[in-house]
Amino acid sequence: MAEASGIIEQETEVCSTNGICPKLDVYVWDMDETLILLNSLLKSSYAEAFNGRKDVQKGIEIGRAWENLILQICDDYFFYEKIENYNQPFLDAVVQYDDGRDLSGYDFSQDELGPPHDDANKRKLAYRHRVIARKYTQGLHTILDHETIKLWDDLYDKTDAYTDRWLSSARAFLMECYGENKDAVSSIAFANTSTDITNAKYPHVNVLVTSGSLIPSLVKCLLFRLDRLITHGNVYSSWDVGKHQCFRWIKERFNHPNVRFCVIGDGWEECQAAEIMKWPFVKIDPRPGTPHRFPGLTRSTVRHYFSVVYGSQNNEDDEE
């Protein structure tokens, strides 16, 4: 795995230099029908679960509006029309083919990316991935016009109201999971800073593993305001490789004695993969009134799942 080695090396060095490994919780998230709602809006299953208390047609219209906006952003700004058939499990999957060329004057429309899948075309794909990573880091406000930003903001607020604050509650929960020392967590997630992660009392990392293809998943993170809480290097697409393989890569990245993993999602595949990895799995249930949804899910509930697999940890009480 291209991105794993630097992170493993940094963590090993920190552990050996200081004599101890910092405690780290890695939250492995599903996206659709977990952190966001989209398919259940389009298929009306979300509204139908409320037995007439939700306007079904309104939910479908909201879902279609998101679908159109996602595809528009993907095609207009993230090369998706050109690279749809070149899905990768993560952005750094082809980084070894990137020669570091200055892309400021590069004409992507004329470089003839296409078959065969040789080194030359992999380099062209790596260039695009580099630009995508930069745009993700900078955020959509730097590339969208005022009219599109207003449409996006209005759609987000409309969706959040329709879903009883599912989006904002899920985002707030991600912020809780980030822990108290965001800078320390970022140093682990990127493995490119010198921040001493032992300064963090109890750092956490959010990782996304989605069954969707990579580029639309990154765009969803941006549109649903998750990009400051899940870095582009922590977004994985299991479309081609399966969730178990993604989980194995994640374990390789964050591999030291004091790490704990927890999977949160709504599907059978992440449940099965978590079981194979012997990681706790929290199943999201979108039905109204259930505790494993947003709003509803709490850190206390997730800590219970951690304790079942890893045992209780005394200083978890300090997190409150």
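Placement of Cβ uses the backbone N, Cα and C atoms for every residue, glycine included.
Whatever TrEMBL says is automated annotation, not expert-curated.
Feature annotation from TrEMBL assigns Mg(2+) binding site to D30, D32, D266. The active site, nucleophile feature in TrEMBL is assigned to D30. Among the features that TrEMBL reports, active site, proton donor is placed at D32.
D30 (Mg(2+) binding site) is surrounded by 24 other CB atoms, counting those within 10 A of its CB over all protein chains shown. For the recorded Mg(2+) site, residues D30, D32, D266 set the reference point as the centre of their Cβ atoms, and the other residues of that chain within 8 Å of it by Cβ are M31, E33, T34, L35, T210, G265, G267, E270, I284. Note: D32 (Mg(2+) binding site) has non-local neighbours L38, N39, T210, S211, G212, i.e. same-chain residues 6+ apart with C-beta under 8 A of its own C-beta.
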